[in-house]
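Pulled from Swiss-Prot, these are the features on record:
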- 216-230: compositional bias 'Acidic residues' (COMPBIAS)
- 231-242: compositional bias 'Basic and acidic residues' (COMPBIAS)
- 243-256: compositional bias 'Acidic residues' (COMPBIAS)
- 262-288: compositional bias 'Basic and acidic residues' (COMPBIAS)
- 683-692: compositional bias 'Basic and acidic residues' (COMPBIAS)
- 693-720: compositional bias 'Acidic residues' (COMPBIAS)
- 307-375: domain 'J' (DOMAIN)
- 425: N-linked glycosylation site (CARBOHYD)
- 559: N-linked glycosylation site (CARBOHYD)
- 563: N-linked glycosylation site (CARBOHYD)
- 214-300: region 'Disordered' (REGION)
- 683-738: region 'Disordered' (REGION)
């Protein structure tokens, strides 16, 4: 306010005008603040309701909200300055008008004084003439100038109508103020009172952007001209009249140097005209790509992900928000759910829809899926589709009830494949988290009730139309009648406690709350013991959970603990009915407690008066009457609960048996494939080994043969050398001492010599 009060002091702004402008600014600031607060609260509540929120994602979203907050603050400041600067020049002229009027009043007062002094001067003049002794002449009194005032104008002695100073001021200042307000005054020096500093900065930025476009336009034109210079030279060589061809090229070169000149001067009926005009066409459309780029930059960016299978299954785009994904999931799940047993195809579709929502309905899993595709969800533990649909159905009423605590805990329990010991060790941390979450949950429900009941409080006759539409959409889901009956009963008696004769309803609420606490403690113990017996270990979890990475090891036949999938049909049905019944009862007690606290917050608001609180109580009672049409009473509640429990258990058992059969078939097919692959590998390896051994043996044999040949040659050479020496010695002996030799010996010696020669 101090900042904007400077306008009042600087431009001498009238008090009424300043108060009017400041009122508009206050209203604008309040509206912006309320809108911003509502959006931020809604955003943070959506984050808080998520099971997991990555720290980096939270930081990024927080920074984006801070940027949006600052942008809205700047916009409001800009709008307020616009309001304050809207007619500053008119106030200047009004002040000028006042000063001119003040001067005109002074001038008129001075003129009246002068006119009053004129008769005195004339009398003194006549007296002087009389005293001078001259002839006494009768001097008739001179009449005053015949000036008549005609409203704002004067008429002189000649009959001309002259504008007064006041009329001139009015024409120059008052009319200017009126024309400025109407927006028709065209004085270039003093008009445009709405042109502020922000407008000047905007125009400078716009001019800068236009200069950048002009620069890019010139560069594109020069590139086009360079591309077409070859064509121009080609045309110059082949035209009949070279002089006429050269003229357009010169004009075109001049046009490239000075692109501000229009292209009309280049157009001449020459042969090269077609080639010269092509750059001008590109020049005319230079601005179009810039506008397309600008439009694409302003549009929402499309996420590029490696795998879109789950998005295709749900029939949503990759940019779909959680509300759209949830709505699409329930629509598809409700179509497939009743027909699971009709064939494997329907169950397969129902299973895939649940898998898709288990991934895309969770922020962390969705982020990993968007980043890595199928590889990012290999370790995700998927629940039995019917169990997941049961928990999702209990969460479907979250606008009226919030997400039940048992649903949050069981999802955490199943998805993390925790044992009961792990759950007990983390119980303290979980309880603290659930207590804080419960407060936020009750505040959300109370806010939602206020939003849907506000039209009824305001007296709108059609306030119930959106509520009926909402309840019609919830109709048909699992355990819808028990949930609506609990909400109806709580809303009815809470509303009565704030109206006349409230003691009876207050007593009923107290008795029901105490009974719920006692039953809730027993049911919690029974559920924990049952889960610990049949789902206490990760091996026992295999009957209702699975993942893609260890899908072949999900069935553990060697486990000696009790497994639901190993029980008989009767025992399996009995155990599952107990578990489902316990889960539903705990959810209903939790829903009643949450609805009770939220309704009390709504009807005990200290920021409103008693009359408004009474209207809220009456509206809440009307809401309970509408819910009664869909609930059908306590007797119908028990029947519907029993029927839905048996129905859900039947589909859970069907899902367990179907998934286990698929896994067993896969496990049985593995050894056959392994044996077949082993035999094929053995044959292939044998062939490769034979070839490899043959090659190695051949090489080794060749090397060995070469070595043997070399050794034999050396030995033969040595033997031959030795034999020659022996022969020489024998010859010497023969010469010295003649020896007698038989013919047989001679024949043997010759034969041996020939044999040795042949071997060598």
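Every residue gets a Cβ built from N, Cα and C, even glycine.
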Helix-strand-coil residue split for the domain 'J' (307-375), DSSP-based: 57 helix, 0 strand, 12 coil
Cβ-Cβ neighbours of residue 425 (N-linked glycosylation site) (radius 10 Å): 12
Mean of the pLDDT scores, which run from 0 to 100, over the domain 'J' (307-375): 87
